[in-house]
Amino acid sequence: MVMCQGGEAVAAPAAAGKEPEVPLSQEDGVGTGQPCLCPAAGMEAAGAEERRVCGCCSGLSWPRCCKAPGTKKKAACPGLGLFYTVLSAFLFSVASLLLKKIEDVHSVEVSAFRCVFQMAFVLPGLIYYKTGFLGPKSKRIFLFFRGLLGSSAMILLYYAYQVMPLADATVITFTSPVFTSLLACIFLKEKCSVWDLVFSLFAFTGVILIARPPFLFGSKVAGIEGSYTEHLKGTIAAIASTVSAASTIVILRKVGKSVHYFLSIWYYAVIGLIGCVIALFVMNEWRLPYCGKDRVFLILIGVLGLGGQIFLTKALQIEKAGPVAIMRTMDVVFAFILQILFLNHLPTWWTVGGALCVVASSSGTAIRKWRQSLRKAKQNEI
């Protein structure tokens with residue numbers, strides 16, 4: 001036998017033809033300083049190759065052990081998750097800019113194209129993982145509402161992007177963490193503290209500064225696109241989109257890990273596409289873009305939106321949710337920059353003040369949740 005230096009647990013050999021045993025947990029003696037035993041080269045047991053699990057490399061079987069002779073432990077790239085987050089925010093912002101550039105295409109039709117791209121991406125994953133297309137019977141009602149609310153959030157957000165300044169709509173969407181905390185307190189019985197109320201007040205103030213209702217700011221409202229009526233409709237649509245998105249997060253928390261995330265996205269795309277097609281025929285808005293440029297923009301919106309989701313998912317896989325949520329506020333920065341450079345629309349100081357309030361609210365909520373998760377992790381270690 002060969003002693004693996006720095007091991008944290010002793011694993012028993014697995015029987016022939018069976019999977020290796022799971023490494024001992026912390027309650028079973030991890031961290032007691034006992035060495036990890038790995039088989040020496042060429043050693044065999046009962047005529048079969050002996051396989052053991054090394055606790056120092058998260059359960060990898062020897063000789064893939066990070067401490068085995070001739071192996072090197074792969075170094076993690078610091079900041080890679082945050083880089084993925086910034087890249088995701090940039091892709092989402094460019095997709096929103098292209099949506100503003102599209103002419104004579106209704107937001108519902110753009111949402112339908114987005115759903116088609118989602119379905120094309122998810123379908124191979126469903127087949128590969130053999131998850132089925134309906135999911136467990138006990139979870140179908142949750143998946144249905146997840147798809148309905150998620151697709152509604154997308155349609156409402158696209159409408160808001162089309163009728164109001166890009167930066168204004170983007171800022172309002174960042175009130176989502178506040179609404180998520182409030183809905184979780186109501187439906188999931190999570191604790192709601194004074195800080196949640198403070199952050200909610202900041203978010204509400206930011207939305208008021210962006211909407212600028214005439215009864216507070218006078219009849220002449222500056223810095224809006226088109227009429228104030230359209231601006232107000234866009235604000236309401238953005239808020240409704242944010243509440244719908246927060247509701248989907250609460251539903252996903254309720255479902256937990258019992259349903260594959262590909263299946264969740266599948267419901268989102270299918271229900272969204274069905275709803276978009278019905279709405280387009282009712283409104284008589286279904287038509288292909290007349291301009292070839294708009295068709296290219298539609299394809300790019302689908303590709304960029306999908307790329308943004310992929311990089312955001314990868315960021316959450318390798319980085320804690322708190323830093324990712326804070327870094328996602330770069331979406332607001334990109335929205336301001338793109339609006340100034342490509343739309344020739346300078347934001348007003350009211351918009352900047354509203355953005356600061358909303359970013360402070362979402363960042364504060366993210367930091368608070370992050371600290372809570374770290375505190376729970378330390379308690380579990382003890």
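Glycine is treated like the rest: Cβ placed from N, Cα and C.
Marked as domain 'EamA' by TrEMBL: 80-211, 233-362. Annotation source TrEMBL lists transmembrane segment at 81-99, 111-129, 141-161, 167-188, 195-215, 235-253, 265-283, 295-313, 325-343, 349-367.
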Counting a contact as 3 or more Cβ pairs under 8 Å, with residues at least 6 apart in sequence, do the transmembrane segment (141-161) and the transmembrane segment (265-283) touch?
yes
Between the transmembrane segment (111-129) and the stretches 81-99, 195-215, 295-313, work out which stretch tops the count of Cβ pairs under 8 Å.
295-313
Determine which residues of the chain contact the transmembrane segment (235-253) at the Cβ level, with the cut-off under 8 Å and only residues 6 or more beyond its ends counted.
142, 145-146, 149-150, 152-154, 156-157, 159-160, 163-164, 168-169, 172-173, 175-177, 179-180, 182-184, 187-188, 207, 210-211, 264
Which of 81-99, 167-188, 295-313 has the most Cβ pairs closer than 8 Å to the transmembrane segment (349-367)?
167-188
Where DSSP helix means H, G or I and strand means E or B, what are the helix, strand and coil counts for the domain 'EamA' (80-211)?
110 helix, 0 strand, 22 coil
Looking only at the domain 'EamA' (80-211), report the model's average pLDDT.
85
